[in-house]
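Chemist: Right, I'll just put the structure down here and ask away after.
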């Protein structure tokens, strides 16, 4: 009878009351239980007061109660009916899974975005290529036009100026012919003093030509003596006339490593050169500075002005027709 009464009394007590009584019989405080179970004191207090914290899942609460029962030596089977009331199992709220259609829609949207990105990239690349091709084509047309113009100008100059060098040589030969025949009257010895006076003057003015005439004509020793005395004085004068002039400090020197169209104009507007230069060709131009240059292929020419190389790298990098002006720089006094 006493056993049944005790069992009925235990069933009447709640889970929290039974755990609190068992704890008090063991002489433990709520703080000690909380430290052993690694719980907060407030959680132990809620368990003993049969409270279910709203922020604590029922699964965790049932686990805490079982740990508390093992600590105070209370059989878990006796607490099961009370656990169902104090901490009933609640279905966990599970977020609804995204439907397959939503994932498919998002994937489709990402595909459209990627396609649009590639389309924009292709358009940019295409526009860049078209712009480069137009510039390249325009440069080639400009070079061809300038080459045709220069060829036509060179042909016109050749047709109109072929007689110029011939006239110069004829004039030179005409100037030398009288000079060679002039000393003949001055050779006789028995001429009067009046006729002998102009002979040195004629010989002095035409001393550059007397020497050849004396070398070619075999005359008598008496008649050749006056001319022979004048010959040594004529040699230095003729040698000085043949000596090369000093180099122009404003000379423009160009060496070509490939075929290149070129046009050079000086300060007066005179075209010093206009046409095509072949590989391994050289040009040495002199005019009035500054010079204006148009070069179809800057990479094919090396320019020196006033003894210094001219930098054409900016035109070579952009592959453009070079248009530049070379200004005259003051030369140091010698």
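Cβ coordinates are placed from backbone N, Cα and C, and glycine is handled just like the others.
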Chemist: In Swiss-Prot, which of the ranges 70-90, 91-111, 112-132 has the transmembrane segment annotation?
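Modeler: Swiss-Prot lists transmembrane segment for residues 112-132.
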Chemist: For the annotation DNA-binding region in Swiss-Prot, which listed range does it cover: 30-49, 50-69?
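Modeler: Going through 30-49, 50-69 one by one, Swiss-Prot gives DNA-binding region for 30-49.
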Chemist: Can you check how the pLDDT averages out over the topological domain 'Cytoplasmic' (1-111)?
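Modeler: Mean pLDDT for the topological domain 'Cytoplasmic' (1-111): 76.
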